[in-house]
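As structure tokens, the structure follows; a few thoughts come after it.
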Amino acid sequence: DSEGGLYVCMNTFLGFGREHIERHYRKTGQCVYLHLKRHVIEKVPGASGGALPKRRNAKLFLDLETNGDLNSDDFEYEDEAKLVIFPDHYEISLPNIEELPALVTIACDALLSAKSPYRKQDPDSWEEELQASKHAKTLVQLDNGVRIPPSGWKCSKCDLRENLWLNLTDGSVLCGKWFFDGSGGNGHAVEHYKETGYPLAVKLGTITPDGADVYSFDEEEPVLDPHIAKHLAHFGIDMLQMQVTENGLRDNDIKPRVSEWEVIQEAGVKLKPMYGPGYTGMKNLGNSCYLNAVMQAIFSIPEFQRAYVGNLPRIFDYSPLDPTQDFNTQMAKLGHGLLSGQYSKPPMKSELIEQVMKEEHKPQHNGISPRMFKAFISKGHPEFSSNRQQDAQEFFLHLINLVERNPVGSENPSDVFRFLVEERTQCCQSRKVRYTERVDYLMQLPVAMEAATNKDELIAYELKRREAEAARRPPPELVRAKIPFSACLQAFSEPNNVEDFWSSALQAKSAGVKTSRFASFPEYLVVQIKKFTFGLDWIPKKLDVSVDMPDFLDISHLRARGLQPGEEELPDIAPPIIIPDDPKAFFSSLLYNPNIDESSVMQLAEMGFPLEACRKAVYYTGNLGAEVAFNWIVAHMEEPDFAEPLVIPAFGEVASSGAAAFGAVGLDNQPPEEMVAIIISMGFQRNLAIQALKATNNNLERALEWIFSHPDLEEESEPALDMMNMENNANANILAETGSEGPRIKDGSGRYELFGFISHMGTSTMSGHYVCHLKKEGRWVIYNDLRVCASERPPKDLGYIYFYHRIPS
């Protein structure tokens, strides 16, 4: 509450605004609250040149909700604290040792001096702002004729091409130190400073019209360089080149912008700020742009607006005593901040006049800070709880998982994304087929590089780039591969080979192919362009391509048709069980030497999941395919050791520890899914594995012996098998099951219209920046963290995740 301050319950230490404090009192009976209020005092010039304090309407600005630029030298704070006793609202000013018991005084002092929950949960984001370097103003630059090309850099002392730093004194390009994430270099930039004493360097690849990452070796910390544009221009780098269009230069006088950073952020174009409901920005908490972009897209969808913002009073009324740990409360709070318009207001006319008179521009930092939301939604997740950059697609699925697990009212907003996929698997030799269905939430389109329409230009560009690199000349202007969307759609619909396919018709391994079709079309279609892949060194890389995404999309031809006349189904027969002479030795060797399907690992890793988590998923699901392993990932992604390396337990440890080796036993004493998967991977049916584990108290060794001693149970009837599969698959996916009815879907036509897309800038999911474009009220709007502006050139061909809504029939 920007006017009423913050009330902190002295029993639970939860904070409430003025609107909700009465409700909390009636709900809990807690009657003692600490009332905190902060007044902002603006300095005005005094007659003697000093600054006199001027109280600005005694108004409180809470950093928890707004991002006003109140840290400058123009403002001071005046804090006020009182103890309030309900229901009479009796106030006691603090400090007040005379009237208060010692314990109450101690509690108040401890609360006032404690760090906020935000600082505890996200300490790295509360680091002090960068200070201007003491060397920036007096930096001497050598006139040695060095010119830095826009790409193709390499360390002058080794062959490294990443984590390169440009010394701002002599123009040397050198590698930085090695970092924990595997990036970095050999420390040549630091060695150069020790040899020469040249203090400042800028990281190549971070230079944008808004600034760059500068490091001071002498001050041993990142710094600001107020003269960075001048220092870069000395070496031929014009970071503000597009801004000269405002001074009257012709467009053809300016080198066109082709880099992702410039095109996606629409750099150099004067963008008009947007204000009001639905045009609220979000503060970047330190590589949290992936979260900002996804949440802006999510809360542009009416179903999510109704579920959380429309139900806000009811959600708040029925929230638990600790609302910081309630998903629906945090979603409603975030949605209200984005849609209410309270945190997106245009500057007052008087403020604009003041800026003009002072010949300075102070940008309006409206917007919200999603600290509490990020702290909750990432709790326990090894990646999202860090300050590292993450994959927006992975976060989208993580969010949908939480929405599914935390229903709000009768409407599940994630239903709008859910659709059924029909998978048709065919034995190439017998020509018999099998049809199965699974649930998905997004459509993943491969990039058909072979279909590029500018192959000749790409070949010529690559030759010129190599020649320029060998001759140490600036590289040629970037040529980006142009991929037709139709080619990506065709690649999606084509059959894929099934590795290690066992044909039940032949009772042997054979070649098999699988095709995917839509058994239902969702109300909102999310399309991911699979730009991220892995190099031979297993380092994630990104395909810098342009895909001509359509404004209107029709995928009706991808509707599934089911079993066709003349097609014969594959017999529902499991692979034969080969009983080893020594079951213990066989099982032990299986555990010690796991055969992990690397192709499935690669598919999962390309989705953005940590590599070790993918290996564990494939291992614990018995190499049953990427889809089954994906379900394991979703079910375990919040565990603390999710991304830890796979540790294969010894046979004795597994046998003796039983379920404890794999986690808690499921509901109704159901064996852990990982133990079931290991037995299934040996060729046994699922129902038999579950029955054996139950009969042996989830002991793998005894369960294996039990199976071999009950061969007659292998012929158990199909109805019983189906029943057990239904029972034990309940928690294997993120589907919203409604009893025996199956997943809820909203089927309809396959015609869609584009209304939003999320773009990524950078070379991999581990770095870079995300921006969201949304179509609102007939025009495109760019959401770049706190900046919300009308888009002039929406880069629809460079997106990563696209959002389409169904066109009514």
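Cβ atoms are placed via backbone N, Cα and C, with glycine included.
Small disclaimer: the values here were computed from a predicted structure and weren't measured.
The feature domain 'UBP-type' is assigned by TrEMBL to 131-239. Within the model, the domain 'UBP-type' (131-239) carries an average pLDDT of 84.
As annotated by TrEMBL, Zn(2+) binding site applies to C155, C158, C175, H188. With a cut-off of 8 Å between CB atoms and residues at least 6 apart in sequence, the same chain places C175, G185, N186, H188 near C158 (Zn(2+) binding site), listed in sequence order.
What TrEMBL lists as domain 'USP' is 280-807.
Other C-beta atoms found within 10 angstroms of the C-beta of C289 (active site, nucleophile) number 25, with every protein chain shown included. The active site, nucleophile annotation in TrEMBL covers C289.
The feature domain 'UBA' is assigned by TrEMBL to 595-636 (among others).
Taken from TrEMBL, the feature domain 'UBA' covers 670-710 (among others).
Annotation for H769 (active site, proton acceptor): same-chain Cβ neighbours under 8 Å, separated by at least 6 residues, are W261, C289, H760, M761, G762. The feature active site, proton acceptor is assigned by TrEMBL to H769.
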Cβ-based isolation winner (fewest other Cβ atoms within 10 Å) among the binding-site residues C155, C175: C155
